[in-house]
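Accompanying notes for the structure given below.
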Amino acid sequence: WELNGSFYQPSAFLMMGIPGLEALHHWISIPFCALYLIALLGNCMILFIIKKTQSLHEPMYYFLCMLAVTDLGLVLCTLPTTLGIFWFNMRRIGFDACLTQMYFIHILSFIESSVLLAMAFDRFIAISHPLRHPSILTKTTVIKIGLAIILRGMVSLLPIPFLLKRLTYCGKTELSHSFCFHPDIMNLACADIKVNVFYGMIILLSTVGMDFIFIVLSYILIIKTVISLATKEECLKALNTCVSHICAVLVFFIPMIGLSMIHRFGKNVPPLVNTLVAYTYLIIPPALNPIIYSIKSSHIREALLRALRRKSE
């Protein structure tokens, strides 16, 4: 502990694996390794295929590249500490290292939310104004949107580590997960955390909350446009282009909302439920997104098959 008058700050935190199943961590690490491997290989494959396939150089696939890079970032943020606990029981993480990991996990989560919103906007323009789609979402516009998304995440979350560093900590230093979350660290403080709670809630609602609302509004407008199409075949064809994105939105937002509710209101929720929801939120989307887009996107599937054929020749 570092002492400065009445100010106390732990030199390190202790992370948790899966509560109650510590003896099985080596076996539990097997499915986690499989998920991490799928996420790493799948997202790298998406990036490689889009880069090498000229016909995929379109706004929809540029945004998919952003999603893949964000998912890779989330995997690389959580993999070292999660597998470190499961394999070597390395539970200790330095205070500053924990704040750094927390900052990047939250930034990447916010970026993923914003990218999903940008993809919803792309689908709306492509369905509602197909002839104007290339002129509205040019390559330059997509780059500007990407930079704005990154800047928004970095700036909005910049105060969070400093708000945590100003707090006095005492008693427990054990976190609820094998990675660092803002609510998790904040709840270990024995000081007044109203500012942290208020700022965290405002940022969450004004970023991820607004993203989700605009995604829903985009699909309401898409459905209105699709209903006005002449034939049933045209309706189904238009909606089919949105299936992958809808799956990605559900896979990301459902666990995220669940985890936020547990941290803020679920004081009596069993620790195992809290842990499983956290792992679902940070590990499942990066592993599932490449699979979803590979299965549902015929262009990516065909490009992948062509690449595999070239390898086998």
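Each residue, glycine too, has its Cβ placed from N, Cα and C.
So that you can see what the record holds, here are the features copied from TrEMBL:
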{"type": "DOMAIN", "residues": "42-293", "note": "domain 'G-protein coupled receptors family 1 profile'"}
{"type": "TRANSMEM", "residues": "24-49", "note": "transmembrane segment"}
{"type": "TRANSMEM", "residues": "61-88", "note": "transmembrane segment"}
{"type": "TRANSMEM", "residues": "100-121", "note": "transmembrane segment"}
{"type": "TRANSMEM", "residues": "142-164", "note": "transmembrane segment"}
{"type": "TRANSMEM", "residues": "197-222", "note": "transmembrane segment"}
{"type": "TRANSMEM", "residues": "243-264", "note": "transmembrane segment"}
{"type": "TRANSMEM", "residues": "276-295", "note": "transmembrane segment"}
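Between the transmembrane segment (243-264) and the transmembrane segment (100-121) there are at least 3 Cβ pairs closer than 8 Å, counting only pairs 6 or more residues apart in sequence, which means the two stretches are in contact. Against the transmembrane segment (24-49), stretch 61-88 shows more Cβ pairs under 8 Å than any other of 61-88, 100-121, 197-222, 276-295. Where the transmembrane segment (100-121) meets the stretches 61-88, 197-222, 276-295, the count of C-beta pairs under 8 angstroms peaks at 61-88. Looking only at the domain 'G-protein coupled receptors family 1 profile' (42-293), the predicted model's pLDDT averages out at 90.
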